[in-house]
Amino acid sequence: MHRLALAVLLLASAGGLDASRSPHEPTVTYFAFSLQWSSGVCNAGHEKCIKEKERSFWTIHGLWPSSNTSDPQFCNRTLQYNATVLSPLVPQLDLYWPSVSEDNNKFWKHEWLKHGTCATMVPRLKGLYKFFNTTLNIYLQHNITEYLRSSGVVPTSERTYTLQEIKDALHHDIREAANFVCHYSKKYAAPVLAEIRFCLDRGLQPINCKVKHSDCDQGDVYYLASDASYGKGSATSLTSPLSWLLHFSWLLAISVVCIPHCAG
């Protein structure tokens, strides 16, 4: 018995067993928070977009548990998706976390099963409701649509921007290195910006992305204008994140005081 105990201790000290986490808990060192620009996704990507789902402000693609070596997925198949649990959040989810190409509920189910089930080690993300509620709150804290606009980076097909101009505009908000995703199309002479991904630690605070990724090269990119009906016009229209916060201030409270659904 003593020899067995000693063997276990030696194995743990060698890194073969991490006693600080559950044997079934995935290794997660940070989260990738991905925001997408529907005009870039739909006009230069391969998505067959549903026009009324496009937005004229950045929307959520997902919050993805990650590590420096792998990205855990589908971690716990016993944690099922239940659309009823998300009912109080549906108006916000429809607006700020839409799928541009399929049914929203189907998209949210995919995000939960693939990514949300791997985030349960973080108390604010543990459970279906908490995962989506907290991700919405993170999104509303980082209005990159407005930060880009206020720095003179406005959507247009008439000119390109350097990637550094976009990085500088975002630095006023997240102040950390982000990753960028572009699409390529014969219709455009330069890559088209489609997604911005920044990294969060396990406390959900922005950090530098240690794994650097950008398929936008380092030159010019298009930040295409949108003709979407949602949020058309100024960045502070009723449907933009900034104005939504001003008109529905109760949302700020649920990031501090958890309403009953947070138990799920």
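Count begins at 1; order follows the chain as displayed.
Cβ coordinates are placed from backbone N, Cα and C, and glycine is handled just like the others.
Annotations in TrEMBL come from automatic prediction, not curation.
Feature annotations, reproduced from TrEMBL:
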type	residues	note
SIGNAL	1-19	signal peptide
ACT_SITE	His61	active site
ACT_SITE	Glu111	active site
ACT_SITE	His115	active site
Cβ atoms near His115 (active site) (within 10 Å, other residues, all chains): 24
Distant-in-sequence Cβ neighbours of Glu111 (active site), under 8 Å, six or more positions away: Gly62
Cβ neighbours of His61 (active site) where a neighbour is any other Cβ within 10 Å: 23
His115 (active site) - helix vs strand vs coil (DSSP): coil
Cα-Cα distance linking His61 (active site) and His115 (active site), given in Å to the nearest integer: 11
